[in-house]
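Participant: Dropping the structure in here first, questions after.
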Amino acid sequence: MADTASLISDDEECEASSAVKIKSALKVTSTQSNALPNSEAVIEAVVTPKNSSTNVGSSTSPITSGCDNSKQCSESFSNAVTSGSDMSAAASKRASSDNATCQQNIPSKKNSRSSGTHHSSRQSHPASSSSSFMSRLKINADAQVDDLPDASSSLTIVQSDAIDSNTAAAEEVTQPQVRFDEDLQHQGPSTRSNTIWHMNYHEAAIFLQEGEDNDKFDSHPGQRSALPAYLLTHSPWFYALDLAASLLLLTLAVAERPSLELFDGMNEGIHATVELFALSVLGISIGMQLKWLGWRKFVRHKRSMMKSTAWLVMVAEAITVIVRSSSHFRATRALRPIFLLDSRYLGGVRRFMRQLLQSVPPVLEIVAILMLVLTIFTTLGYYLFSYYPEDPYFTTLPQSFVSLFVLLTTANYPDVMMPSYARNRWNAAFFILYLAITLYCIMNFMMAIVFVVFSAMEKDKFRKLLLHKRRACQLAFRLLVSRKSPNAITYQHFTGLIKFYKPKAKVREVYLTFKALNKCSSGRLRLNEFYQVYTACGLAWRPSEPEPAWYCHLPVPGPAIGAAVRKMVTTPIWEAIVYLVICSNGIELLVLTLLMSAQGGVPENSHITWYQLTFIAFYTCEVLLKLVGLGLSEYLRSGWNIFDASVTLLS
């Protein structure tokens, strides 16, 4: 079994081919029925932006693949990949030269060190020794019975009977002895191997999802019995149910006393029952988390313990209100936002609040300096201005402190200094010096410290997110390598991973994602290539050559007219004309408003004029021309077009 350290070692074999072409043609042809179709289309990768996620590396370069008939290519490609047939000799001859394997292009690590010479990954080879990329995927080569995973999933392994599961030693075991479940012991070797790989795919997908969501690996399900509870609480519909229960709990404040007069006659037991229902839904999440974590890990999880404590107190209080049929002073209602902040959809807000609270301790020193200066000026102001009977701001020492504290915000300036300034103009120097020290110096220092500390924490958090994703890739990689290929992932096992990680991904998308990751075109993914899996899975694939426009199917002269309209509405001259008309309309409205203001009234028919109708007619023609030239689907892709159409309809 390969050691973890060997998985993260530098792979000199693929470093030499790190320069990848921006667009590489994957023109794959075949004369066999199960091979790829003899057609060409171009496919490009477009990076899909994500808010809450941090990429492990730089974005993957676009990959192109070719066929004219996209539908036929997709169907034939699916048959080719699922059937696992070898590529024909014709496909091998037509494959591009950049698909040569790293083993052919680069000498071995041992020979490279001994010779001391530098070999480029762009060396040319005879055409007879090169083979296509698809033929090197070896779809069937690793599907043998004896090709077991190099590291079995913990969801398949059962701990030895000699170790008690309740002891601390059982939790520290990282490499337990492999012993299969009872249902696997009675199965054949082939079925058993497939079941092991199935669980490995599932657990590897869970590791990748935990890396993407920044979930600690301590919450990873450690045994098969914890998997149903984990999958239930991490499903999209359960996330939505948890969010709905949290929002329902917050909206109860509208019906509880003191609230709107509309709900004054409502029985106390009604909103208490609704509150208990919402808490019951939230309790399911707590119970499921307790099931897969266990007591010890659950107690060590601070946020879960805080949420559970607040949940228990609020349940007890809701039951008390139902039993008594009367409400009381309930300070625990202030804890309800905890459940909303703990939901999955507010992960960014939760992270921001955590960093904001962590940046408070370094600011306490400057706050102490501010309070010291404020105390000094409070005492000095009391002794200077307390004997003025007409000055109400410095009559007592506490009143002096409050006055100067409010002056720190300039809310009572210059009222606070006017009585003393009326007695002597030199008294203004006291307030000017106070504002210069506190407001313009200390407050700016405080803001600078907060910015520096918060920025440092943000960078540190970004680094931790990056390392967390890399660690997730390492854990998933360890479950996807086999004993025959302990240092690389084959296409078959990568497909099994994507089946659980991205269930909606199509066969074509899986292949293109694998091709984008496999920069050295060896047909197997090394660890340094697998680090880019988050970026590659975030790509959206579409044909680089757009589909024929809708007017191409019209009879003559429909295509010519549609093409002319499209060319007109996409030219910069047309945009300049539209902007000129919009500016003219704005100037016309401004002049009309000035004239009506000079006349001292607004006529009833001032907004219905012939030039207003002219502008509206022009905007309507613009929308119609864009719909004809671009088509409905392309027109609605632009937010500005939707905005223009909405304003035109409202006008």
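Each residue, glycine too, has its Cβ placed from N, Cα and C.
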Participant: If I go by TrEMBL, the feature region 'Disordered' sits on one of 49-69, 217-237. Which?
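Facilitator: When 49-69, 217-237 are checked in TrEMBL, region 'Disordered' belongs to 49-69.
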Participant: Which stretch does TrEMBL mark as transmembrane segment, out of 270-288, 403-421?
Facilitator: 270-288
Participant: Tell me the residue counts in helix, strand and coil for the domain 'Ion transport' (572-651), as DSSP assigns them.
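Facilitator: The domain 'Ion transport' (572-651) comes out at 66 helix, 0 strand, 14 coil.
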Participant: Do the transmembrane segment (576-596) and the transmembrane segment (431-454) come close, with at least three CB pairs under 8 A (pairs 6 or more apart in sequence)?
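Facilitator: Result for the transmembrane segment (576-596) with the transmembrane segment (431-454) is no.
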Participant: If you count every Cβ pair below 8 Å, which range out of 270-288, 363-385, 608-628 shares the most with the transmembrane segment (431-454)?
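Facilitator: Result: 363-385.
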Participant: Given a Cβ distance threshold of under 8 angstroms, which distant residues of the chain, six or more beyond its ends, lie next to the transmembrane segment (270-288)?
Facilitator: 229-230, 232-233, 238, 241-242, 244-246, 248-249, 252, 255-256, 304, 307-308, 311, 314-315, 318-319, 321-322, 327, 339
Participant: What is the average pLDDT across the domain 'Ion transport' (264-460)?
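Facilitator: Across the residues of the domain 'Ion transport' (264-460) the model's pLDDT averages 88 on the 0 to 100 scale.
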